[in-house]
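Peer 1: Supplied in structure tokens, the structure appears directly below.
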Amino acid sequence: MASPFLAFPYFALVALFYRQSDGFIKKCDNLYEYWKTLPVLILSILCFLVGAGLRGRDRGYTALGLLFGAIGDYLIGRSNDGLIVGAIFFGIGHIFYLVITIVAASFYVIIGWYALLPLILHHTIASILLISYSVLLATCFILSGSLYVYGVMKNFQNNLLRFVGFIFFYASDSALIMYHVGYKFPFAEIIILLTYFVAQYLIVWGTCKTHRLAIISKKMK
């Protein structure tokens, strides 16, 4: 099954969540977190069960990346203090995405320790967890961008899908952090969640297309 066929159940669940929450408006009930988590969780299950064009390690890693993302999203929505714990699970999910991508590129990550040192000293554990997650997300973003710019032409569309996916992921997380620290802006919940749902799907789609192309190339040899 090609990944575009997963778009219908996935975005149907996103639309259902939008309707049930009256426009992604957070509510103080147990159903909000479940509706919020359901689209990515179902996408994870479908990727694992039907493959969506993926096989072997890539199939399992993609499903696990989505699963940990769904768990992280549930924990963030579950309580006001869920951002740190949720970031841990999102970080694990990005590690699985990174393992899929890292075979195609090399990377260097530089952290401004002097700028971050005061924050680390006052909020050590929370700061280290968030910094680690930020490094993982930034690494995925840089790698996907490098593959898009410098990758081979036959993977151009696949790399573009994955790169745009991580752009949306970066935008979603940036908006979430801004909103979490008290910077209010119009349609915050809609922006945060729509960019997040689109990001997850584009990353999966790009990975599926890359995997299928690799299988075709092997058969032609």
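Cβ coordinates are placed from backbone N, Cα and C, and glycine is handled just like the others.
Keep in mind that this is a model prediction, so the values were computed, not measured.
So TrEMBL says this about it:
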TRANSMEM  37-54  transmembrane segment
TRANSMEM  61-77  transmembrane segment
TRANSMEM  83-100  transmembrane segment
TRANSMEM  107-125  transmembrane segment
TRANSMEM  131-153  transmembrane segment
TRANSMEM  160-181  transmembrane segment
TRANSMEM  187-208  transmembrane segment
Peer 1: How about long-range neighbours of the transmembrane segment (61-77): same chain, 6 or more residues beyond its ends, C-beta under 8 Å?
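Peer 2: Sequence-remote neighbours of the transmembrane segment (61-77) are 26, 32-34, 36-37, 40-41, 43-45, 47-48, 54, 83, 85-90, 92-94, 96-97, 99-100, 176, 196, 200, 203-204, 207-208.
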Peer 1: Sequence-remote contacts (6 or more beyond its ends) of the transmembrane segment (160-181), Cβ cut-off under 8 Å?
Peer 2: 76, 83, 101, 137, 140-141, 144-145, 147-148, 188, 191-193, 195-196, 198-203, 205-207, 209-210
